[in-house]
Amino acid sequence: MFGLIGHLTSLEHAQSVASDLGYPEYADQDLDFWCSAPPQIVDHFKVVSATGQTIEGKYVESCFLPEMLANRRIKAATRKILNAMAHAQKSGINITALGGFSSIIFENFKLDQIKRVRNLDLDFKKFTTGNTHTAYVICKQVEEAAPKHGIDLADATVAVCGATGDIGSAVCRWLSERTKVRDLLLVARNQERLNNLQAELKFGRVLPMDQALPQADVVVWVASLPKGLDVDATMLKQPCLMVDGGYPKNIDTTFARPGIHVLKGGIVEHSLDIDWHIMNIVNMDVPGRQLFACFAESMLLEFEKLHTNFSWGRNQITIEKMDLIGEASVRHGFRPLLT
Amino acid sequence: MPTLEASPVMDFQSETYKDAYSRINAIVIEGEFEANDNYKSLAEHLMSDHKDELIKLAKMENRHMKGFQACGKNLSVTPDMPFAKDFFSQLHGNFQTALAEGNVVTCLLIQSLIIETFAIAAYNIYIPVADDFARKITEGVVKDEYLHLNFGEEWLKANFETAKAELEEANRANLPLVWKMLNEVEKDAAVLGMEKDALVEDFMITYGEALANIGFTSREVMKLSAQGLASA
């Protein structure tokens with residue numbers, strides 16, 4: 001059994017979903033109510049691999065809402081994640097992916113220091129951020145989508161925004177070692193981490209975002225767009241491929257103009273239908289087949305019987321692990337989203 | 001990303017703290033006292049086949065009560081027992097009525113599910129903000145309370161088919177009282193560093209788990225455990 005911990009994108013979204021699913025007790029409730037709401041298993045489904053192997057999964061709705069961060073209900077936000085993890089573990093799930101903001105909150109608020117949740121000791125080996133598969137899928141999206149838009153990677157400059165994060169640094173490692181990209185631009189806020197990353201890669205240049213974007217043929221976003229940043233889209237190269245690996249996906253509205261191709265990053269398509277309801281709720285274009293790569297990682301770990309926290313801790317993603325999860329991804333029928 | 005604020009440092013000797021503690025401590029003492037009484041009544045009147053087990057639970061509750069009395073003394077606080085008696089009066093009344101009518105399912109829902117879960121939630125949220133003396137005592141108590149919850153769960157699980165309708169009815173009548181009780185102590189609990197949303201959440205999680213163990217479906221659990229919360 002694998003698990004997925006997810007959440008809805010806003011209070012308004014949560015209210016409408018509760019109403020659609022037939023939970024009037026949860027619909028029309030304000031943020032205070034959601035701060036008190038317990039995690040719930042809201043879907044139980046099967047996934048069939050391209051090999052024919054079938055596994056079962058459960059979707060745990062954490063009841064976290066992004067408004068909790070915006071309204072400084074930080075304790076509530078961290079409780080949601082820990083409680084959802086405890087719920088998954090108590091439900092006998094072998095490996096659970098922390099989707100959406102879950103892994104970001106876990107990492108940012110150092111929740112690994114809190115092992116005890118009520119009468120349960122969390123076993124972190126049963127959880128994965130899913131970041132290795134997400135990084136792998138984003139890299140494949142860059143490699144496979146760039147030529148489709150007339151961009152030859154051997155002659156291209158790739159900017160990675162959010163380069164020092166867990167996914168960003170993995171993407172930089174892969175692009176440096178496995179592709180022939182001409183130049184790599186490392187963009188992030190923390191200068192020290194940027195310098196360390198450049199030293200590790202022995203490749204690429206550290207640049208501020210406003211200087212990096214006009215030089216880039218490909219932009220990988222693994223951080224959401226900084227608030228207040230006014231990007232002049234006319235300065236961008238044409239064609240330019242943008243892989244939006246951030247959460248929530250908000251790049252396409254900012255850069256909607258001819259010659260700029262925005263791809264939803266870190267999304268995979270399965271070759272067989274999955275009979276679940278959840279991806280309808282998170283507004284995937286093809287809900288029966290498309291899903292976040294981080295979720296797919298927990299499926300892959302279950303298919304491969306790799307019941308371990310495959311992606312865990314910051315900047316631990318190696319090329320070898322990306323290879324391993326990438327091979328499993330192909331074997332079981334997942335493809336990076338390319339349109 | 002905002003940062004997590006450090007928990008405020010508690011001044012356990014401040015008048016504000018001790019004033020709030022006099023009511024919260026009294027509630028806990030009264031709760032344990034009534035639990036002792038309720039288990040003894042069940043053993044005598046309705047569940048004589050589980051007499052030994054129930055008497056054992058009752059004795060544990062009595063021990064807890066003494067532990068919490070010591071917590072009050074340790075802070076030189078006199079518990080406000082009249083407040084606590086009044087606080088529990090409606091739940092207490094409903095238990096007594098069910099006992100008199102021989103409704104063992106309702107009795108177990110009130111004592112073994114609602115009151116035990118209420119205690120577990122309160123103790124779980126209190127432990128991180130308690131003074132050192134009370135923390136040790138409360139940590140010991142909360143382990144026992146899970147056993148008590150388990151007693152009710154197991155019996156109701158074994159009798160789920162016949163108990164289901166009465167459980168739903170008893171839930172409808174009694175769960176809204178819990179939200180009302182939580183509202184009554186919201187301010188005092190906040191002085192002790194216990195946030196209402198955390199208390200409600202912990203209650204709903206533990207109560208929901210118990211209902212699921214007994215045999216309710218996920219959908220039923222979501223509805224039952226949130227009953228009356230919206231209008232509280």
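Cβ atoms here come from the backbone N, Cα and C positions, even for glycine.
Unlike curated records, TrEMBL annotations are generated automatically.
Cross-referencing B:Glu116, B:Glu184, B:Glu186 with the Fe cation 2 binding residues that TrEMBL gives (B:Glu61, B:His148) picks out B:Glu116. Binding of Fe cation 1 is attributed by TrEMBL to B:Glu61, B:His64, and the same site annotation extends, among B:Glu30, B:Glu32, B:Glu34, to B:Glu32. Non-local contacts of B:His64 (Fe cation 1 binding site) by the CB criterion (under 8 A, 6+ apart in sequence, same chain) comprise B:Glu32, B:Ala35, B:Val141, B:Asp144. Between the CA atoms of B:Glu116 (Fe cation 2 binding site) and B:Glu61 (Fe cation 1 binding site) there is a gap of 11 Å. Reported as a whole number, the C-alpha separation between B:Glu61 (Fe cation 1 binding site) and B:His148 (Fe cation 2 binding site) equals 9 Å. The Cβ centroid of B:Glu61, B:Glu116, B:His148 marks the Fe cation 2 site; residues of that chain outside this set whose Cβ lies within 8 Å of it are B:Ala35, B:Tyr39, B:Leu57, B:Met60, B:Gln111, B:Ser112, B:Ile115, B:Ala119, B:Asp144, B:Glu145, B:Leu147, B:Leu149, B:Phe151, given in sequence order. Packing around B:His148 (Fe cation 2 binding site) is summarised by its Cβ count: 25 other Cβ atoms lie within 10 angstroms of its Cβ, all protein chains included.
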